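Over in Swiss-Prot, the protein carries these features:
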BINDING   30-33, K51, 87-91, G415, 479-481, D495  ATP binding site
Amino acid sequence: MAAKDVKFGNDARVKMLRGVNVLADAVKVTLGPKGRNVVLDKSFGAPTITKDGVSVAREIELEDKFENMGAQMVKEVASKANDAAGDGTTTATVLAQAIVNEGLKAVAAGMNPMDLKRGIDKAVLAAVEELKALSVPCSDSKAIAQVGTISANSDETVGKLIAEAMDKVGKEGVITVEDGTGLEDELDVVEGMQFDRGYLSPYFINKPDTGAVELESPFILLADKKISNIREMLPVLEAVAKAGKPLVIIAEDVEGEALATLVVNTMRGIVKVAAVKAPGFGDRRKAMLQDIATLTGGTVISEEIGMELEKATLEDLGQAKRVVINKDTTTIIDGVGEESAIQGRVAQIRKQIEEATSDYDREKLQERVAKLAGGVAVIKVGAATEVEMKEKKARVDDALHATRAAVEEGVVAGGGVALVRVAAKLAGLTGQNEDQNVGIKVALRAMEAPLRQIVSNAGEEPSVVANNVKAGDGNYGYNAATEEYGNMIDFGILDPTKVTRSALQYAASVAGLMITTECMVTDLPKGDAPDLGAAGGMGGMGGMGGMM
């Protein structure tokens, strides 16, 4: 086992604090409407330019191992805030730095670290309740656009796009961010249920100009099995032909003789058919087939529950107003399923989302909810260069997370004002002893840090602005973009409550642990080992020259 380097007490804390400050100082230059960019060197390709706090934090590793431990702990704050709310990483870092700096001063002055931590925790618990009380619901398009704009660093087009996307696909709808092809940002909305499986044979195409299959008011056959024998399907095909409607087959696979017969029937115009593979794999495929059945009012024909394809009737088939199938995707528009059944299915999947343990499962389940509930919107980010595209895409992603958080838990006044108001309301809070009271004061003083940093990045004097804001009440604050005071809600400067809450909770959690640190242990740096291999091994090569 390698030898360890151990530091105690103040020596350890000073090193740790230096690491905290290096990382936090790099991150906090990005805060606010006048925050600057940070350029990150990459081992290959062009450098990345970003204003995203967590991207900056992730890049930082320090040479001194004790300092690096401090930096890594603050990095954890940014990552946790990002995971919980998808935004507010810079605010969380600034709060953590403020709590650690103030807290360690108190420890150096002889306060008990454990009581300080208890005081900080008490203040944060009370602050979270106050934040919830200040929060107002965020339901209208205008508020959503404002939240998106602020999170995308005052880029109004991004805020408007996100609000428009949420209008189209609902608050629960899936909104994804992709690289665009032009200079402008675009919004594409896919209404109805779309899944990524295309037609099984190009001979099904009936719209050669678009290379797609479009079927009006088709029946939809859902089978959880491979179909290779056409005889199984004859009763259904005959019934559909009599009804004079087209048929879409969604099955595990359609192959061989069955596929050939369907193609021939379609080309001769006997019955219009199109076949696609069912989306997903394994259990997820079964679940998605059931989703489609609920949406279209059909039944999944599965041998597991004793149903056979030969005995299927028109009652077992789903229906939709229109189905569009191209090379890679199938879209079902206006399924005839009962609204109550669809809502029941959505509620069932939401329950699974609550119980899901992995992010991947949760994401897939949310996609299923969106497909049943409304549709999918794609924001295509436009930019002139690859570097700008990456930076802008990261901002749009942040803004999207922020708006989701706002819809979930509401909004509070932005620009660091909400935390200042909360701190003022908690001025009378006391702990069980004097050291806890100091801990409470440390937390309350730290709550001013985001406002001070926003002002500092705008080139103004933080103390003057902070005092002016504290003299006001309610949503009165400072708009750093226009350098004027007023009602933050009227200015459209809003922060999602969830983002502010998560930032404060994670910052206090990690900062509290750092304040109570008394000893740090790390590996000793390895000394340079004597390099015997190269010099020793090559000695015999000297004689080779004469042999040539």
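For all residues, glycine too, the Cβ spot is worked out from N, Cα and C.
On the structure: features taken from Swiss-Prot.
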residue: T30; record: ATP binding site; Cβ contacts under 8 Å, 6 or more apart: R36, N37, V38, T50, K51, D52, G53, V56, T90
residue: G32; record: ATP binding site; Cβ contacts under 8 Å, 6 or more apart: G415, Q453, I454, V455, N457, A458, A480
residue: G88; record: ATP binding site; Cβ contacts under 8 Å, 6 or more apart: A81, N82, A402, D495, P496, V499, T500, S502, A503
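K51 (ATP binding site) is surrounded by 21 other CB atoms, counting those within 10 A of its CB over all protein chains shown.
Counting every protein chain shown, the number of other Cβ atoms lying within 10 Å of the Cβ of T90 (ATP binding site) is 28.
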